[in-house]
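Colleague: I have a structure I would like to understand better, so I am pasting it below and will then ask my questions one at a time.
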């Protein structure tokens, strides 16, 4: 037998050489060995032994029988194939049933599914389970036929019902005990997998009685002979001997109850065996009237790309390396969607794993997206930028870069660095209750004309204008300041600037798109590129956050932040376990609805940092979780996370906690002067119960007890007075009259408190080149020692909250370290080093020279880089770092975007990372100009 078999193999090689199979039906010969379970009870082994076996248990079909890294098991019941199971070692199992149900570890999963190097998907009507790492492919078709393919690495290393894969059919019937037998039932029964839960019965061959009429038997016999006589099958005779298939077909005639379709499984198996050898038998199904059944709306084809077009892949130009297979596919022009064929206009869209029908819309920030042809078509409006400070000096820039900077000084948070129309400065101090922590004590804002005043938002919720405390709400032209929740304030200036300040250190700064690309400071430059967020006043991007933060320091007498701990948990092991467990709520199902809208990872890092850095980690935990919940609420996802035993919020007497309340028109004052421009937003906090309003004492009262605010005066309920012969009376917080006159000015006067106290430093004399400055008592905007100019802050605006007398550098000179220097002698700074005027540095492909304290750089467009590091770390062209532990192959970069036909594509994937016996490696595939290059370590 071997010489004949070898001759057939050599002939197959010759016929598949380049140019040998050029016409219709040619297909590259597969390099994988194939085992098939088909028909009612037939098995075709890797070495092409065919036999019958009707099992009633679980049996080993194939696997790694040397190191036992994986096993493929067939599950039978009453002679019927029920499904396939794959076991990886002793602790992982996945089960695929003929009906498409999938269980992994006892849990239902849906396709597609990837885990531990295994990929489960639906392919042309087949359920396919494959693994490049383990070297196998298993398929179950719609008729319950099984196909198992093994790579040549398993040559002579497998065992089970599919044989031993060594090209010798003579030793295929080797039992689990190692003996050879000629009885297929003795062989197959030996591979039954009994367990304590399931004892496998020994299966016997069925009876051989014939229940088919002679006339039908003749018709079936003639159909079996088609394998030898029909021209459509004759094309493959040189590659696959039809005799064993004809013999098998004839043997099953008496046992089959499906009429003229009884031979069809054998004919299908012959066609698949030919395709395995590289020969496609187009038309065999029609010629033999054996076209396999397909789901409604689909049609059978002898050659279908396994990378079939679906609604989800409509916008992706896939790279398909696998050969075509026979199976069910959609008619030309239609796409597969969840098992049915549809027109492209019927394709749904997917967002955050949830499908949306055609025409559905979503709001994303300030834009609206509509589902069309499986793609989201979105408006392209520029959205407001948000800069956020939370917890222990955690920042989120306008371009969503998260960082921590714990310097103690006054810093420029954000400024219009083109027109200088506004500035926002923060003051940070050591926290009073925790000397190791840094808190934001106040926020100072300088607004555009005609105000030109300094507004200070103080710790505790107070507000000062040019050093004088003012009463809230404050409404002056475009400027509006109002209380939102408890001690929280909201400052609005027109529609372009908004500040939310909670009075305890949490700050949100929102700017309209008119400022995009125009800002500078700790919040970044608002240009959509995270890579240049650490831009300094000198014009260079710093790699270290400490150098970046120090460059925006406004006061000369503050120490630079030299180094800050990247992970306080490493310094406080006692709190590490508590931090990990407590902060895990952010990634728990409690916040699952928000994960697709706001990534929890930066907030999780901040939570661990704060809990470990805080003297009372539990208090900081609640603030950290609240910060993430607030970010979710801003994206329209409201999470009720507080519980009586976890971070319960204690409200003042008479107020109630609301997870989502509105700040608008909740006070007695708002009854007299409703704020029609208030933005209805969702805020967590303490509110008066429905029907009650907050009075000036902080108590919740019914409107009948609210005073009235009229013409700058306060009137108690039921007060009556005469105004120009009109009788006016106060009722329900509103001044009523016999006429319809307006109820006075909508702009309450600022209530001034104690006058600004001027601080001074006693100095009898100043040594040259210092000069003495004495603050005038009659000028609240005077500047003194607190505004000392240095080489680093010379171009930054000083916001004085109180003049300090003392010694300052003479005109034309500035302070550098502890000496006075001429302005033109100031150095430039980069990466913590000083550079003298005229010095040069190289930044990417540009050259920068130090001139007038700033770096003057060439403006070449430099090459950008995207990195894939380790198993799951990615660094985009624009500097975004993210974690994605996907187990499939993904497009790393391509220029096949939109209607662009494209010229290249780079794919990335990890292999062997879930196999203990294999080395994990990264594979990069480069497709360019019709060529393919693969790189792997």
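Using N, Cα and C of the backbone, Cβ positions are placed for all residues, glycine too.
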Colleague: Check each of the ranges 695-740, 787-832 against Swiss-Prot and return the one annotated as region 'E1'.
Modeller: 787-832
Colleague: Looking at 643-666, 667-690, 763-786, which one does Swiss-Prot call region 'Amino-terminal'?
Modeller: 763-786
Colleague: Tell me the Cβ neighbour count for residue 431 (disulfide bond), meaning other Cβ atoms within 10 Å of its Cβ, over all protein chains shown.
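Modeller: Summing over all protein chains shown, residue 431 (disulfide bond) has 17 other Cβ atoms within 10 Å.
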Colleague: Could you give me three numbers for the region 'CX' (825-852), the DSSP helix, strand and coil residue counts?
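Modeller: Split into helix, strand and coil, the region 'CX' (825-852) gives 1 helix, 16 strand, 11 coil.
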Colleague: Looking only at the region 'Amino-terminal' (763-786), how are its residues distributed among DSSP helix, strand and coil?
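Modeller: Across the region 'Amino-terminal' (763-786), the residues distribute as 2 helix, 4 strand, 18 coil.
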Colleague: Which of these recorded positions is closest to residue 523 (disulfide bond) if you go by CA atoms: 156, 414, 766, 803, 856?
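Modeller: Given the candidates 156, 414, 766, 803, 856, the nearest one is 414.
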Colleague: Round to the nearest Å and give the CA-to-CA distance linking residue 807 (disulfide bond) with residue 775 (disulfide bond).
Modeller: 11
Colleague: Are any of 57, 156, 558, 766 (the recorded positions) within 10 Å of residue 410 (site 'Factor XIIIa-binding') when you go C-alpha to C-alpha, and if so which?
Modeller: 558
Colleague: Of all the recorded positions given, 99, 156, 410, 665, which residue's CB has the most CB neighbours within 10 A?
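Modeller: Result of the Cβ crowding comparison: 410.
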Colleague: Compile a sequence-ordered list of residues in the same chain as residue 766 (disulfide bond), six or more apart from it, whose Cβ lies below 8 A from its Cβ; state 'none' when nothing qualifies.
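Modeller: Spatial neighbours, sequence-distant, of residue 766 (disulfide bond): 772, 807.
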Colleague: Relative to the Cα of residue 156 (N-linked glycosylation site), which of the recorded positions 57, 99, 414, 665 has the closest Cα?
Modeller: 57
